[in-house]
Amino acid sequence: MPKYVEGKLNAEGLRFGIVVGRFNSFIGERLLEGALDALLRHGANDAQITVVRVPGAFEIPLTAQKMAGSGNYDALICLGAVIRGSTPHFDYVSSEVSKGIAHVSLATGVPVAFGVLTTDTIEQAIERAGTKAGNKGFDAAMTVIEIANVFKEMK
């Protein structure tokens with residue numbers, strides 16, 4: 001019979017780092033509230049969580065890489081909002097941020113959740129930060145709780 005590995009939604013004893021961009025902070029703060037809510041509901045306590053605020057989304061991957069390399073975290077959550085404007089800036093930032101966050105996870109082996117909203121409008125961002133479409137910060141935290149437990153099981 002094969003061995004099955006499944007992550008549990010139990011944050012007890014795990015160490016979490018959260019990187020949140022301050023640009024569009026009215027969205028980032030709602031995402032952070034959602035992530036903290038998920039972690040605390042699933043057994044984490046404040047001592048297990050470090051929140052690092054950075055200027056904007058572009059600074060998130062480098063900060064996450066530094067945190068992942070420290071050995072102090074079982075999982076990371078990256079939060080922020082990039083909202084389309086009238087210039088191509090959105091395309092460059094959203095592309096590099098998503099690639100950068102994926103690279104951190106692959107290069108370090110530390111689970112990293114992508115909770116950076118990339119939306120066409122402010123309304124879409126608001127919907128995904130705790131109104132109609134749920135809270136993507138909460139969802140990102142649930143993802144890393146589960147995958148951190150999968151990794152723990154695989155040791």
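Easy rule for this one: first residue shown is 1, then count along the chain.
In case you wondered, yes, glycine gets a Cβ from its N, Cα and C as well.
Taken from Swiss-Prot, the feature 5-amino-6-(D-ribitylamino)uracil binding site covers Phe23, Ala57, Phe58, Glu59, Ala81, Val82, Ile83, Phe114. Annotation comment: Swiss-Prot describes Ser86, Thr87, Arg128 as (2S)-2-hydroxy-3-oxobutyl phosphate binding site. Positions annotated as active site, proton donor by Swiss-Prot, on the basis of sequence analysis: His89.
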About how far apart, in whole Å, are the alpha carbons (Cα) of Phe58 (5-amino-6-(D-ribitylamino)uracil binding site) and His89 (active site, proton donor)? 11
Should Ala81 (5-amino-6-(D-ribitylamino)uracil binding site) be counted as helix, strand, or coil on the basis of DSSP? strand
In whole Å, how far is the residue listed as 'active site, proton donor' from Ala57 (5-amino-6-(D-ribitylamino)uracil binding site) when you measure between their Cα atoms? 12
Which of the recorded positions Phe23, Ile83, His89 has its Cα closest in space to the Cα of Arg128 ((2S)-2-hydroxy-3-oxobutyl phosphate binding site)? Ile83
Recorded positions considered: His89, Arg128; fewest surrounding Cβ atoms within 10 Å belongs to His89
Please report the number of other Cβ atoms within 10 Å of the Cβ of Thr87 ((2S)-2-hydroxy-3-oxobutyl phosphate binding site). 8
What whole-number distance in angstrom separates the two most remote CA atoms of the (2S)-2-hydroxy-3-oxobutyl phosphate-binding residues Ser86, Thr87, Arg128? 23
If you measure between the CA atoms of Ala81 (5-amino-6-(D-ribitylamino)uracil binding site) and His89 (active site, proton donor) and round to the nearest Å, you get 13
Could you round the CA separation between Thr87 ((2S)-2-hydroxy-3-oxobutyl phosphate binding site) and Phe23 (5-amino-6-(D-ribitylamino)uracil binding site) to a whole angstrom and send it over? 17
Considering all pairs of residues in Phe23, Ala57, Phe58, Glu59, Ala81, Val82, Ile83, Phe114, annotated in the record as contacting 5-amino-6-(D-ribitylamino)uracil, what is the maximal C-alpha distance expressed in whole angstrom? 16
State the Cα to Cα distance, in Å, between Phe23 (5-amino-6-(D-ribitylamino)uracil binding site) and the residue listed as 'active site, proton donor', rounded to an integer. 14
Around Ser86 ((2S)-2-hydroxy-3-oxobutyl phosphate binding site), how many other C-beta atoms are within 10 angstroms of its C-beta? 6
I need the least crowded one of these binding-site residues (Ala57, Ala81, Ile83), counting other C-beta atoms within 10 angstroms of each C-beta. Ile83
